[in-house]
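Engineer: The structure under discussion is supplied below as structure tokens; questions concerning it will follow.
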Amino acid sequence: MEERELNQTQDIPEVLPILPLRETVVYPQMLIPLIVGREKSIRLVEDALSGNKLIGMCMQKTPVEDPTPDDIYRIGTVGIIVRSLRFPDNTLRLFVQGLQRIRVIEFLETEPYFKAKVEVIEEKVEKTVEIEGMMRNLLNLFQKMASLIPQFPEELLINAMNIQEPGRLADFIAFNTNLNINEKQEILETIDVKERLQKVTYYLTRELEILEIANKIQNEVKNEIEKSQKEYFLRQQMKAIQKELGEIDPREMEINELRQKLQEAKLPPEAMKEAERELERLSLMPPGSAEYTVTRTYLDWLISLPWAISTEDNLDIKRAEEILNEDHYDLEKVKERILEYLAVRKLKSDMKGPILCFVGPPGVGKTSLGKSIARALGRKFVRISLGGIRDEAEIRGHRRTYVGALPGRIIQGIRKAESNNPVFMLDEIDKLGSDFRGDPAAALLEVLDPEQNNAFVDNYLGVPFDLSKVMFIATANVLYTIPPALLDRMEVIELPGYTEYQKMGIAKGFLIPRQLKEHGLEKEQIEFSDDAIRKIIREYTREAGVRNLEREIASIIRKVAKGIAEGSITEKVIVKVEDVPKYLGPEKYTYGMKGEKDEVGVATGLAWTEAGGDILFVEALVVEGKGNLILTGKLGEVMQESAKTALSYVRSKLKDLNVSYELLEKADIHVHVPSGAIPKDGPSAGVTIATAIASALTRRPVKKDIGMTGEITLRGKVLPVGGIREKVLAAHRAGLTAVIMPKENKKDLEEIPEEVKKEITFYFVEHADEVLNLALLEVKESAEQRNPERIG
């Protein structure tokens, strides 16, 4: 190649193609090989080869594939392509001779490759005695470094000794010394030659110290290791080097980082003592061992738990009440209990969290109420399902000796909440099981005991964790499957099934708006009439909650949404009562309605079911026989005994009823409760059966508008029963105008909606004689007269 005097500024064009380099710095007067593979770079090289072969080379700040001007350093080197070679994979191997430093003034083009306006940086330095001394010192250091590196190329040392220019000497030594890429770029950007010599001297001195220490270490440990310990030797070398340089060993750095995190986590003294002990063990373990991973995981769990992190309670009682009312309809008892807790919490800041148990049938909002309580209190919410859990370790955790051991669900839930005072819901607590692996219910005793849970010990953690600030809320469908000891620790709040009035309110205030939102409709597009909602409740659902009601409403809204999307519906849809079958098909359920006329031997009872209440007709018939009692209708054992008691009571009153004893000796009494396929049980039909039998024997009709409930004794006393709320609502729905119930159940009327109480007359009785006087038409004056208390 021809010699060209390209070191003169006027020979370098003002505009140069700029080749971005990754992890490579080119110095002036240095010959360097480059591999070019990017499409833009290949195009740049090809154009340069067809021209003056001059290119600007600047290193990228980050090794991105497609750099922008902001990704490129502004100080670089202009060079000339000496030789190029194309490889089969279309990459180019270049040999480039660096010429002079350049500064990129501005980028003019980015496509098809970078072009920039540049200026050549000229070096003007007088070779003073000080500069000469710095050059000799640098050469001495370079010679020492060469002597410490086996197989160091001798020609590099000779070339360095023949360089007379101070700037070029600094560049040459920097290029051939093991500096990191940022340090090499720093040398390139140091324009002042004296300063450049100083920096290279500093870096070379540091590199020389590292080499001397490495050789010293190598000599010290050479006789102590064998070939199989090569990895250990390298680690020892690295550790010693880092120690001499004042750097920290990665292992030590990890231990220090863990110790710092433990301090920040504010562990209590006992937990901190255990953590320090495990940390000390960790520092002595080889990182590749299984025990190392187990211990590290354990420490991570200790660090991640919210030992001292609490959310601040929202003590604004009015605001909390608004939130509870926004999310749930009615449920006044539950809301009142939460507001009471807030009031006491406001007065006594260190009050322990209550432990509540919501009991009620499915779909009444137990789980969603927990979320609402958390929102009202301003706390985090976490829920775990206990249904089907049979292993105690699910609650208390596994010991760390087991492979894959983890904390129990309580501690996992606390970590998930990231707070030590969340609202913690234990869903389906009545469905806990037990087997040979232990009893989870017994493990929950400690969790739910306010006197013990301030030091709950999970088997995995092995140190106490304070659960006293947590508000635990358990949910259950029934109470009888919950162990008594566990039940005793919880404050039980019953969530009875919703009444028809409540379901109407929930449907209009919550379900319909929510389903409209989920289906992308506005309230201006569809409206439900009250009668239509009532028909859906009565004839298309039979449940205590509102889940199926929401499904049926969603079904109607989907059909309307389809019509709107297809364009067949353009006006507002009003769903009327007669439209419901069109959307949902034939009715799925029927509720009993009152009889059409007063009948002999047919009394109207009131029954409680899991889906609410219903009326129950009891039929009695006197047939030829031998004085036996025949019972049909799939009656349970308690109900059969109640029927026998009712018959015995009526027999004791035959004289008062003007019925001869001979009639019973020649006849059987057949008592039947319709819907024979459905099991029925309980004592509350006693007065109804007695009334039906008395009517059949006396041939006196029973009033069709009156319903009754109550347990009967042999002496005719009427005892209190349960489910009054549901029974009265069923009577109202069936069109009954009067209800007979035990006097001791009078207190239960508080749960009955006022609009229902206004339309029903209530008779409170203590004796079955009163029931017969009220229910049977044309009662004889000879019967013992009583004056039952009456409301209505």
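Cβ coordinates are placed from backbone N, Cα and C, and glycine is handled just like the others.
Here Swiss-Prot flags 16-208 as domain 'Lon N-terminal'. Per Swiss-Prot, the feature ATP binding site maps to GLY360, PRO361, PRO362, GLY363, VAL364, GLY365, LYS366, THR367; the stated evidence is sequence analysis. Among the features that Swiss-Prot reports, domain 'Lon proteolytic' is placed at 597-778, with the record citing sequence analysis. Summarising the annotation, Swiss-Prot assigns active site to SER684, LYS727.
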Engineer: Cβ within 8 angstroms of the Cβ centroid of GLY360, PRO361, PRO362, GLY363, VAL364, GLY365, LYS366, THR367: which residues besides those meet this for the ATP site?
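Structural biologist: Everything else in range on the chain: PHE358, THR475, ASN477, LEU495, ALA544, GLY545.
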Engineer: Non-local Cβ contacts of LYS727 (active site) (under 8 Å, 6 or more apart, same chain)?
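Structural biologist: Expected: LEU606, ALA607, TRP608, GLY613, GLY707, THR709, VAL739, MET741.
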Engineer: Averaged over the domain 'Lon proteolytic' (597-778), what pLDDT does the predicted model reach?
Structural biologist: 90
Engineer: Write down the Cα-Cα distance for SER684 (active site) and GLY365 (ATP binding site), rounded and given in Å.
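Structural biologist: Answer for this pair: 29 Å between alpha carbons.
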Engineer: Enter the number of other CB atoms within 10 angstroms of the CB of LYS366 (ATP binding site).
Structural biologist: 26
Engineer: Validating a neighbour-count step here. Other CB atoms within 10 A of the CB of VAL364 (ATP binding site): how many?
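Structural biologist: A 10 Å sphere around the Cβ of VAL364 (ATP binding site) contains 27 other Cβ atoms.
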Engineer: Distance between THR367 (ATP binding site) and SER684 (active site) at the Cα atoms, whole Å?
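Structural biologist: Cα to Cα, THR367 (ATP binding site) and SER684 (active site) are separated by 32 Å.
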Engineer: In whole Å, how far is PRO361 (ATP binding site) from SER684 (active site) when you measure between their Cα atoms?
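Structural biologist: Checking the Cα atoms of SER684 (active site) and PRO361 (ATP binding site) gives a distance of 21 Å.
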Engineer: Secondary structure at SER684 (active site) (DSSP, helix/strand/coil)?
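Structural biologist: The three-state answer is coil.
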Engineer: Which has the fewest other CB atoms in a 10 Å radius around its CB: THR367, SER684, the listed recorded positions?
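Structural biologist: Among the recorded positions THR367, SER684, the lowest count of other Cβ atoms within 10 Å belongs to THR367.
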Engineer: Taking only same-chain residues 6+ apart in sequence, whose CB is under 8 Å from that of GLY363 (ATP binding site), what do you get?
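Structural biologist: Long-range Cβ contacts: GLU543, ALA544, GLY545, VAL546, ARG547, ASN548.
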Engineer: Would you please pick out, from the binding-site residues GLY360, PRO361, PRO362, GLY365, the one with the fewest other Cβ atoms within 10 Å of its Cβ?
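Structural biologist: Among the binding-site residues GLY360, PRO361, PRO362, GLY365, the sparsest Cβ neighbourhood within 10 Å belongs to PRO362.
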